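Presented below is the structure to which this report refers.
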């Protein structure tokens with residue numbers, strides 16, 4: 001890596017508050033000499049898909065997050081298994097969507113620059129570009145990740161944060177990945193474009209403590225609204241995680257959480273910690289022009305993209321994202 005690029009990356013990481021032991025692991029210009037149009041190719045494919053189906057932005061962002069939280073940002077969430085025991089087969093990942101976008105971007109790259117760009121990098125770029133397509137923030141994606149060869153269902157179950165988790169558990173989950181409480185609340189803000197289903201909220205509505213009760217931390221009016229949408233036996237109906245602003249990347253999610261209308265326990269529990277609560281309440285009342293959320297989200301996404309990465313001779317560059325070479 002050229003000295004100027006190392007310095008540029010160090011400056012970038014200093015600006016966004018990221019601490020990385022060896023800054024030259026990744027490079028903003030990693031593919032510039034061998035495949036200068038790599039990012040342009042990925043962006044073109046992503047725009048093509050997301051402009052037709054805006055809900056893909058949330059799905060691709062979620063996929064990148066789930067990839068990074070299990071064995072690091074190594075594309076292991078993309079791997080298939082003949083025995084259905086890969087990460088994508090774990091219950092939390094059964095609802096992941098958008099694989100076709102990653103595959104299309106990888107195929108386009110293989111035509112232009114074969115055996116060069118990792119699926120892990122493709123997924124990181126696709127997630128960034130998908131959010132940008134719907135008007136969300138754009139963030140720099142240092143490149144040079146390598147693809148993992150291992151993908152285990154149990155790893156996903158052990159590492160992915162649960163929508164039923166309390167704040168203490170979530171902070172521990174994030175700390176294990178080198179992410180702090182601010183990253184937790186900021187990345188939770190990605191739920192501003194999130195979509196879920198009655199299946200993940202049913203217990204909060206009808207059997208929170210095993211006695212047929214509702215979660216007392218929820219706004220009673222929101223409980224009534226959700227019960228109308230989700231009868232006790234309905235596990236399929238889709239729910240917007242940010243009602244009224246579901247396809248807009250903005251701070252409305254924090255207003256919802258501040259009103260005790262967070263869909264998941266993991267949303268509501270952000271009010272149970274001083275630091276995360278202060279962030280929620282601040283973003284909830286600030287006019288968008290004064291909000292730091294877009295920058296904060298960009299900073300935390302850069303940090304997320306460095307979690308347990310494979311570089312150098314570790315891992316491989318997959319030819320097809322669903323299968324190891």
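From the backbone N, Cα and C atoms, a Cβ is placed for every residue, glycine too.
Checking the candidates 93, 207 against Swiss-Prot, the annotation N-linked glycosylation site falls on 207. Annotated Ca(2+) 2-binding residues in Swiss-Prot are 242, 245, 250, and among 192, 209, 311 the one listed with them is 192. Residue 321 (disulfide bond) counts 22 other C-beta atoms within 10 Å of its own C-beta, drawing on all protein chains shown. Candidate recorded positions: 66, 68, 73, 161. Nearest to residue 113 (disulfide bond) by Cα distance: 73.
Within 10 Å of the Cβ of residue 66 (active site, proton acceptor) there are 21 other Cβ atoms, across all protein chains. Working note on the disulfide-bonded residues 73, 113, 230: by count of other C-beta atoms within 10 Å of each C-beta, 73 ranks first.
The Cα of residue 198 (disulfide bond) lies closest to that of 161, out of the recorded positions 68, 73, 119, 161.
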